[in-house]
Amino acid sequence: MRIIKKNAMFYMMMIPIVVYFAMFAYYPLVKGIQTSFQDYKLMGERPYIGLDNYDLVIHDPSFWDALWNTLYIGGGILIIGFIAPLLIALSLNEVMKSWFKKTAQMLLYVPHLLSWVVIGGIFIFLLSPDTGLVNMLLVNIFGMNPINFMADESWARSIMIGSAVWKDMGYNCILFLAGIAAISPSLYEAARMDGATRWQQVRYVTLPQLMSTMKVIFLLNTLGLLRIFDQIFVMRNPAITSKVDVLMMYTFQKGIMEIRFGPAAAASFFVVLFTLLLTVMVRKITRFDEV
Amino acid sequence: MGWKNKLFDCLNVMFLLLLMLTMIVPFINVVALAFSSGMASMQPDIILFPKDFSVEGFTIVWQSLDLWRPFMNSVIVTIAGTFLHVLLSSLAGYVLIQPYLPGKKLMVSFILLTMMIPQDAIMIPLYLVNKDLHLINTLSSLVLSGMVSGFSILLMRNYFMAVPYEMSESAQIDGAGMFRIFATMYIRLAKSGLATITLFEFVSRWNMLSAPVLYINDSSKITLQVALKSMITEASATSSNFLVTTNVRMAGILISIIPLIAIYPFVQKYFMKGLMLGANKE
């Protein structure tokens, strides 16, 4: 009892945090699961209807479209967004002049700091068919016809992947560089003594030593795969919705736009399930726990 | 051997320069358009310098389109939210470094578990919770969203752990209370930790989009990002609206970037260190 009294201050400090998490993390999670089994209306009765909401979602073709789009776009971002910054980090690491290295890092990092509204907005303008910079270049320098990138279904997903990779490239690159910086210089020294070329040093020292960093980054990026929302919300337009609307967009539309909370909650439950599944899979594949 | 190396270095630097150009050119384009006149900004042309220089884009977006109101809302939400987030996270971090605290393990797992709950997957029930609490259409809902996070708590705990506990013990013997030790000693010694989460939180709150989209539909309470979003996407659909010319939209984008550019020097100092800490800790 005396210990508790002595520590009363600490428990008091913890109260707001515990209350906050209970109300805004645990309770919504439980409520979400509960809602997914209910015919949830804002007013009046909310009868339990078993698995009807799940049934509805599973038989909704646009849910499967959304899932496929998520896997396509998210997978693209995951893979290209992993390889591109890795290459850039390796390439930056070969540059000797540190002012150049620092400037490059600084510049590449900027888009990560900006919101998707800003980045999406810039992309929409750059790619616009009549005044966008990209089309101006295509028309004036290469003599091509302008392409309406943002309204073309065949371009839609590539643009989403490309812009997401472009935005987060600098951020992931810095993580890779931190991993490279942590490699012991004596390994390179030994490799040089054995007459290893620069390429061989990258192949046999840097890459194997970077393995654990690579696994961490890959795992972290996998967790983000199903969470794509802001980007699509900003960059979608009626012409391409069927190609780019992802799971979170589907949930948002069902819940907030159509005010059908039950099916929306059921769909979000699938998101949780897929996230768990993906995490387990990636952990297995990368043997993350063995690092 | 020698010339091969030189050639490689050359190509390598060219590749990086090209990459940097893809970062710089769009921004130069934005700045140039923002400072052009409305007519000039709508012409199909490669614009890398202001054409027909004018600041009308800024005056229109700020005054005629009332961007100052969402801007102020964003400022309020960002400052209040960041302050509370930093305060609560550091308090919790401080509690978690106490060596003889019954129930500490329970608290740690309670906090760790919240990090496993995907925030976006509870979007719908969170909306319902806010609705039940009558927080819809209030700025408080935005301050409350993400008011404390497991990540920040753990980060602060790590910084506090670097402070030797003996110091706090000797201060206790000298008669300093727990709270005073926290405020005068730990906060001061863990400055870089505080700076890190402050910046993290500042940036993510300034850029916050899904929460205001969900919780706010009263046009006097929307935040900058939401106002900007509707300006960008809706205006491109109805280009007949003569007010929203390209220079106006670009001016809006620039205004929203300014606070982030202002803190960028600090970001470089602390943020990146924090990123690495976060990534290596997993």
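Any Cβ shown, glycine's included, is placed from N, Cα and C.
What TrEMBL records for A:67-282 is domain 'ABC transmembrane type-1'.
Residues annotated as transmembrane segment in TrEMBL: A:9-29 (among others).
The annotation transmembrane segment is assigned in TrEMBL to A:71-95 (among others).
Residues 88, 133-135, 149-150, 159, 163, 166-171, 173-174, 230-231, 233-235 of the same chain sit 6 or more residues outside the transmembrane segment (A:107-127) yet have a Cβ under 8 Å from a Cβ within it. If you look up TrEMBL, you'll see A:107-127 (among others) marked as transmembrane segment.
Residues 81-82, 85-86, 88-90, 92-93, 105, 108-109, 112, 201, 205-206, 209-210, 212-214, 217, 221 of the same chain lie 6 or more positions beyond the ends of the transmembrane segment (A:171-188) yet place their CB under 8 Å from a CB of it. Annotation source TrEMBL lists transmembrane segment at A:171-188 (among others).
Taken from TrEMBL, the feature transmembrane segment covers A:208-229 (among others).
What TrEMBL records for A:261-282 (among others) is transmembrane segment. Cβ atoms under 8 Å from those of the transmembrane segment (A:261-282) belong to residues 32-33, 35-40, 49, 52-54, 56-57, 60, 63, 67, 218-219, 222-223, 225-226, 247-248, 250-252, 254-255, 288 of the same chain, restricted to positions at least 6 beyond its ends.
Sequence-distant contacts of the transmembrane segment (A:208-229) (same chain, six or more residues past either end, CB-CB distance under 8 Å): 70, 73-75, 77-78, 81-82, 86, 164, 172, 175-176, 178-180, 182-183, 187, 246-249, 252, 271, 274-275, 278-279, 282-283, 286, 288, 291.
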